[in-house]
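Colleague: Got a structure for you, questions after.
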Amino acid sequence: MSESARSAGSLVSPYALAAYVACIAGVGALLNCSLVAALLRTSKNGLMNIIIQLAVADLILESTIIPELCYYNFRTWQFSNNGCIIYRGFNVLASTACSYFVVTIALHTLAIVSLGEKIIMKRIKQSEHEDDEELRSSRHSLVASSDSSTPPRTMHVDYRLNVIKIPVIQPIIFIWILSLSLSVPDFFLATALPLDDGSSMCVIADTDHRLYVYSVLAIFNLILPTVLLTISGFLVAIKLKSKRVLTFLDSCESTESLKLSLWLILTYIILCAPRSIFSGYILYSSSLTEGNNTSFIKTLHSNDTTTTIKLALSGASLGSAFLRPILCILLLPSVRKVLAFGSLRADVNHV
């Protein structure tokens, strides 16, 4: 397709789309790379390792949404057949990984906070028991010094939760394997389908397996993550409203981690879930249509309203990959310290 034809058939100005992609995707990729570099330099715990995986998934997601925006804007697949396979496969892989890593961050933070509560309460009870034992022993003491200037001993309770170790390697490996498994059908069945008007679509051409593939994707890429995110969001909100939790855990990053989890969940539900829901609706409609469902997809593909909605939702999903590293940097003090120290050291070396 010629440049003039593409420009004439585009939904929005190609220059406006290029500016949006350059700002959101470019800055988002830079932020994610900076986040990964900062976390690799700091002392890595379970939460930091999961955030690194989320940043990597966001980088893959950004690289797949860029051709998707061009695909919807010009209403034709402008790249090769291999490009279509790579786009669809990695798009499923990245979107699945992002959703489950957000869930994992929330569940991991909740587990850390719950274990921290138990440890702190146990330490408080132990200190109170030791104080009672010391008081009883002092009452029975036969030696008393009325002029003693020794100050009374104060019991210090260590509220740090560094002793809590929750393994995250197994969940990380499981999420990547699950994401790769769900993307296998797209890697093998996706193709660039040419149309009579000279345009092409990037679809799964195997109509016999299309409904099965979309059903599995709907369960593991939409329904299950949405349920887990909703439950996790409620649990995180309850923890944040608990005054006892905030009082005990004020000296560590658990409160900030809870806030980060809640913001990541809201970001995914607002910016990413609508894209998955609308795409699932379109794909199921095409799969359940009697007759030639390729013609049905072509009709939807050429519909300005449907394509505009898909373009807007894909742009919002790209924005989520831009916001997630910003939230991690703003809400986690350790990440901010590493970034600030790195920039300060660079300035010193430059001088």
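A Cβ is built for glycine as well, from the same backbone N, Cα and C atoms used for every other residue.
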Colleague: Could you tell me which of the ranges 131-152, 285-306 is annotated in TrEMBL as region 'Disordered'?
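Modeller: My reading of TrEMBL: the region 'Disordered' range is 131-152.
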Colleague: Do any residues, 6 or more residues outside the transmembrane segment (86-115), come within under 8 Å Cβ-to-Cβ of it, and if so which ones?
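Modeller: Those are 46-47, 50-51, 53-54, 57-58, 60-61, 63-65, 67-68, 79, 161, 164, 166, 168, 171-172, 175-176, 178-180, 182-184, 186-187, 190, 202, 204, 217, 220-221, 225, 228-229, 232-233, 235-236, 239, 245, 249, 254, 257-258, 260-262, 264-265, 268, 272, 276, 317, 320-321, in sequence order.
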Colleague: What same-chain residues lie close to the transmembrane segment (15-40): Cβ under 8 Å, and 6 or more beyond its ends?
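Modeller: Hits for the transmembrane segment (15-40): 48, 51-52, 55-56, 58-59, 62, 65-66, 69-70, 73, 315, 318-319, 321-322, 324-326, 328-329, 335, 338-339, 342.
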Colleague: Across the domain 'G-protein coupled receptors family 1 profile' (28-328), what does the pLDDT come to on average, as a whole number?
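Modeller: The average pLDDT of the model in the domain 'G-protein coupled receptors family 1 profile' (28-328) works out to 82.
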